Amino acid sequence: MSFTDNAATSGREILPAAVVPEHYTLELTPDLESFTFDGIVHADVKIVHATSTIVVNAFELDIKAARVQLTRIKTEATLPASSITYNDKLQQATLHFDQELPADAQARVTIEFQGIHNDKMAGFYRSSYADPDGTKKYCVTTFLCPTDARRCLPCWDEPALKATFDVILNVQKDLSALSNMNIISEDAHPTLASHKTVKFARTPVMSTYLLALAVGDFEYIQAKTAPNCPALPNQVTVRVYTTRGLSNQGKFALGCAVRILEYFSAVFGEPYPLPKMDMMAAPDFSAGAMENWGLVTYRTAAILFDDKKSTALAKERVAGIVSHELAHQWFGNLVTMQWWNELWLNEGFATFVGTLAIARHLFPEWDSFVAFVGNDMARALTLDAMRSSHPIEVPVKSPAEISQIFDAISYSKGASVIRMLSSWLTEDVFLAGVRKYIQRLKYRNAATTDLWAALSEASGMDVSEFMTLWTKKVGYPVISAERQGNAVTVKQARFLSTGDATAEEDETVWWCPLAPYVGGEPTNSASVVLKQKEGTFALPAKPTAVPVDFYKLNLDQANFYRVQYAAADLARLGEAVEHGLVPTADRVGLVSDVFALAAAGYSSTVNALALLSHFKGEQEYIVLEAIAAKLSQVKTVWAMEPEPVADQLAALQRSIFAPTAHAMGWEYPDGESHLDGLKRQLAIGQAGMAGDKELVAQAKARFARFIQGDTHAIHPNLRGAVYAIVLRHSSVSPAAKGGEPHSAELEAVKAIWENESTPMDQRLAALGALGHVQDSTLLAGLLEYAMDESKVRPQDVMYPLRSVAANARAGGRVLAWKFVQQRWDELHARYQQSLSLLAHCVSIAGDFASAEFAETEVEGFFAGKDTKAVDRALMQTLEKIRAQAAWLERDRAPVQAWLAENVQN
């Protein structure tokens, strides 16, 4: 690692390279009443270049005193800082000394400081909760990623400046203290009679954003990895920490974590290096989870699961997030990206191998890689179709820019191109390369080129030759395919959500494995790669036993592009779907591609809707989920069209989902598969929301019994769907004179949300259903309710806000946008330290389909405002609105005609 001062040339907001850290000894004394903490840090550093100043990152810290002691010399003189200056814009503090510190010297920098336990879910922050007896309590914990370690201690807050840490916490005797490593001593504090001093073992060398601390009245459950696990010879103690009364809901996550640590240790050829793995449920948390080495912190809904009351979707979510975070212990913690422009090396890898662990080891029956196509890959394809997207490797300079790339490109496109590469090389060869990468770079920092080099060695191919474009260039291609006899002509061009790429925007020629198959059987796909703008390849003859002569590109949807088939080829594909000849992942991809092509103007929405006739007998949950998502997109864009169109779209939705809902019924038989249980929930929810009379009546009857105390009336998997159906299809009592309208059902669902003894996933299902009530006055009241912190935590405001915005025909879309406008200053102040939540507020306008609205309302409102922290979200929202407006204008009349002819109410 070199330490050249490249801040000027890179434009990055980084520290001067004159001083680099090697070790921190950090002692903190948190105060859970004043919400401040006192700290002292001793940083052992190397003086690389002679200097009379030391610059550190510090933000919202009050530095009381600082000094430096030169070590490893005879005098070991101590120099106090003659002055301390601050640059709030760069979040830096400069310590000035009266004499120069010599190059190549070792020194200890000591800084005494005070910080605040803010309530913004950033830095070393406070979190409130109610104990089982209703007592309000506080705990404090950290969220330091990407650049908030500087709120916790003065430090060199850059991923490449790794160091070891000794942590000491002085806490009240009745509280638990946690950090990355195991406790090595716990003694009475020498001067504070009410406190104890807790010392932790030294960490491995690591980046500052991975430091973790937590103090509170916690309880835990624990397990250990197998004592005879060959891949993990030293047993690891795994614990789940919660506030009082919740630890029992950590059992599922605990079991997953033990198995995942063992699996990854074997697959990566490198044992998990720490003696323990703690996982903590934080009451307030801005993200889903944070992968701090040895102490992973989670939002409660991301780790807690009640096996009697939680949903199957919650189980999937917990397993997926735990797997993702534990993958980071290798990808991100053991091997860390050099700078944030290569965030994908952390997040893309963790997303892919997290899915790998579920699919290959924990729950293969869940078909997680098929679900990946409909979820992660679909999100990435949607975002990367925008002009406002960005390459996987993207230049970032400031904390605001860094925070904005924690998005579907870094996570989901990163994972998708890794999956594409793994499929091409084969999984075994790919993992062999990954093992080389880890062994070569463990405890160090890496660049994308390091990964390509390791994979090239393992495969014997020049991986960088065909993968560099996928990480350095924005976007992806649509491949048009047309068959003539046994020859298929293919052409690639950049796909945009507006369908209008210019010549300058369409210069990239992607490397595209075509992975064709004929009649349901793969061809020799390794020899069929499109490396030019267009080409032709031959198809083998159809197997004689196959009734449909069809082909499909992109077997298993392993590759990151869309395909547009000629009309005759698409028709044969539809026939093949009816005959059960198209694999599940490929059916998901087919639905996704056809609707995306229609939305962008490459084809007609009528063609996409007509294709659904081939899926009338579809029985796979993941395919039905993809169909539901695409119908929802159409309904969103067509939401404000005349009543017959809305009714006909609802009828189409019922025709697809009601037969399955009625066939499966409301009761869950013993032994039903995970995916069948999810299919039941999806079918009832979709058909019920679309107004199936029998399902609506059943939902209302069961809801009435449920709120009277019959918990068996609604299976846990169905409760969120029932709440939404009931609110969507229940009448509202008119306002009495001088009063407001009233909905008994709305108040009942609110009560479910407010009941803190209910598992969090079920509470969030209730919170997210509230916006389905059919009254604009009540919807406006819900938005005010959402901002009441005594009712809704700031981290959860997006659930009611989004459900109100989705209720367009009841006025919710306009109400939600007006609410964001009117409360923008308050929202900005609340979420300016949690930028992903602030970006959600901006994107609330994204359901509109009017170019005029984009220009006059959204652009007009944000003109003159400081939007640096959310500029990507703003650009994407504007682009989405304009694309939807063009889609509606283009296909309004054909869709209306098709619905009138083909759908009966």
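Glycine too: its Cβ is placed from the backbone N, Cα and C atoms.
What TrEMBL says about this one:
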type     : residues               : note
ACT_SITE : Glu325                 : active site, proton acceptor
BINDING  : His324, His328, Glu347 : Zn(2+) binding site
DOMAIN   : 20-210                 : domain 'Aminopeptidase N-like N-terminal'
DOMAIN   : 252-470                : domain 'Peptidase M1 membrane alanine aminopeptidase'
DOMAIN   : 550-883                : domain 'ERAP1-like C-terminal'
SITE     : Tyr411                 : site 'Transition state stabilizer'
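Here the binding-site residues are His324, His328, and the one whose Cβ sees the fewest other Cβ atoms within 10 Å is His328. His328 (Zn(2+) binding site) and Tyr411 (site 'Transition state stabilizer') have their C-alpha atoms 12 Å apart, to the nearest angstrom. Taking the Cα of Tyr411 (site 'Transition state stabilizer') as the reference point, the closest of the recorded positions His324, Glu325, Glu347 is Glu347. Counting every protein chain shown, the number of other Cβ atoms lying within 10 Å of the Cβ of the residue listed as 'active site, proton acceptor' is 26. Counting every protein chain shown, the number of other Cβ atoms lying within 10 Å of the Cβ of Glu347 (Zn(2+) binding site) is 26.
Same-chain residues with CB within 8 A of the center of the His324, His328, Glu347 CB atoms, the Zn(2+) site residues themselves not counted, are Glu291, Glu325, Ala327, Phe331, Gly332, Asn346, Phe349, Ala350, Thr351, Gly354, Tyr411.
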